[in-house]
Amino acid sequence: MSDNHLRLGVNIDHVATVRNARGGAYPDPLRAAKLAEEAGADGITAHLREDRRHISDADIDGLMEVLSVPLNFEMAATPEMQKIALRHKPHAVCIVPEKREERTTEGGLEVAREENKLAHFIAPLRDAGCRVSIFIAADQRQIEAAHRIGAEVIELHTGAYCDAMADDHDDKANSELEALREMSVFAHSLGLEVHAGHGLTYDTVQPIAAFPEVRELNIGHFLIGEAIFRGLTPAMAEMRRLMDEARE
Ligand code: PXP
């Protein structure tokens, strides 16, 4: 795979959201993960939330068993989640902020204020061989703190940029995009691997995919939604095409 290849991590949380709406076994997120893998996903992302609103513990067990591509395990910085991650030792662990009342992960992690605590939290995960990623806003203070605590990867939160695009707030979208661009350059200069994600769609992916410092995008909600209309494989193929085109 070329050095310029931008990895696509497919987040399957919302297959589990639909399953859980009826409390049964369908649709099966593991089947979606295998399909995404066959369709060229470079990794699968799943967020085990504290309230288990979508992905379940059994889903994580199953993903660890069936996946051939790396699992990016998203979790809050809690002792319970640390224990689960240490049991499974997934390829990557992405630490995200979590509030029970939020609909989705609304902001980046506050690393700078919790530096000591987070440094201790991620150390055993790193020792276990997991690549630790920290989900943060495009904010230099947070990036510096993520670097200091020993994270290898940061994932930049693209939600504010995507929301501004959806609302046709061009100035805001441009300033958010500029911050993401500058901070991906800055993080890369510190030796951090840069990922990005949240809220990305066909309309918003290309400017982010064009940043050469960004190595991976994690995309879920839009792809799973689009899969209703065209199927997961074609939905992913179009995202892949747009990412490759932006990268040229
Ligand atoms: N990256 C992280 C860290 C996330 O928390 C999420 C949402 O779970 C995503 C990427 C994917 O966001 P979306 O589902 O909006 O594409």
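From the backbone N, Cα and C atoms, a Cβ is placed for every residue, glycine too.
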Annotated companion of ASN11, ARG22, GLY220, HIS221 at the 3-amino-2-oxopropyl phosphate site, TrEMBL, chosen from GLY40, GLY199, GLY231: GLY199
Contacting recorded positions, sequence order - HIS14, ARG22, HIS47, ARG49, HIS54 vs ligand 1, Cβ under 6 Å: HIS47
Fewest other Cβ within 10 angstroms of its own Cβ, chosen from the recorded positions ARG49, HIS198, HIS221: HIS221
Cβ neighbour count (within 10 Å, all chains shown) around ASN11 (3-amino-2-oxopropyl phosphate binding site): 26
